[in-house]
Amino acid sequence: MMRTDVEYSPVGEGLGMTEFWLYVWMRRVAVIAAHVTSLGFTILMCILSRPGTSLFSWHPVCMSISFCLCMTEGILLFSTEGSPFCFKSRKGKVRLHWFLQALVVLGGATGLGFMVASKRVSERPHLATWHSLVGMGTLVATTLQAACGLCLLFPKLLNVSSHARLRLYHATCGLLAYLLATVTVVLAMFTDWFQATVKGLLWYAFLLLPLFPALVVMNQITNAYLPKKKITT
């Protein structure tokens, strides 16, 4: 009996041909739906915020564009299913990823500035809610992720020894940062401003919207970096 070692990822293991293509089709639909959901949620948040009516109105605009749209698209562009950037090379995707993540950091800092200015004008305390505390943690995690990405972008310049391991750490910590951002967005819906703006069943619909892209992103990262096993036949 011949012995062969084959590396494989357990994703889709045990599926027949029909089930496999159904699985692939469902993943593709899920990725496309995640793109639409993140864009739609961002547009709705911008409309509800009525930017320009106050200093605070720019805070949800900047944060939703940064974390709900740019951060989501910056991760989903590496997806092989349903990504509008599937035609780009790996190098092109990395550059676009960095551009989008730079917008995340810039937009997050801008949104934080508007929030601080609004608090000072209204003389309300800073970091007084779970939303603000987790949000600060998200900003710190995102900034650290950007620094880690610099090491991947310039490995020789920064004397990085294990590029593959650093990519794994970057992807894992990036997933944690994205989940922190999702929790921050969900907590925002429990603030006085949002509950006064959105009420009834619509509030529950908004509560579910950011969770779907998070599930798709989590599935994409775990599948891409899932430890591979070996089987012997």
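Quick reminder: no glycine exception, Cβ is built from N, Cα and C everywhere.
Unlike curated entries, TrEMBL annotations are predicted automatically.
Copied over from TrEMBL:
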DOMAIN    26-228  domain 'Cytochrome b561'
TRANSMEM  29-50  transmembrane segment
TRANSMEM  56-78  transmembrane segment
TRANSMEM  98-118  transmembrane segment
TRANSMEM  130-154  transmembrane segment
TRANSMEM  166-190  transmembrane segment
TRANSMEM  202-221  transmembrane segment
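Note on the domain 'Cytochrome b561' (26-228): mean pLDDT across this stretch is 90. Packing against the transmembrane segment (29-50) from elsewhere in the chain are residues 57-61, 64-65, 68-69, 72-73, 76, 79, 81-84, 197-198, 206, 209-210, 212-213, 216-217, 219-220: each is 6 or more residues past its ends and has a CB under 8 Å from a CB in it. Remote same-chain residues near the transmembrane segment (130-154) are listed as 63, 67, 71, 94, 98, 101-102, 104-105, 108-109, 112, 115, 160, 163, 166-167, 169-170, 173-174, 176-177, 180-181, 183-184, 187-188, 190-191 (criterion: CB distance under 8 Å, separation of at least six residues from the stretch ends). Same-chain residues lying 6+ beyond the ends of the transmembrane segment (166-190) with a Cβ under 8 Å from its Cβ atoms: 60, 63-64, 67-68, 71-72, 75, 129-131, 134-135, 137-138, 141-142, 144-145, 148-149, 151-152, 155, 160, 198, 203, 206-207, 210-211, 213-214, 217-218, 221-222, 224-225.
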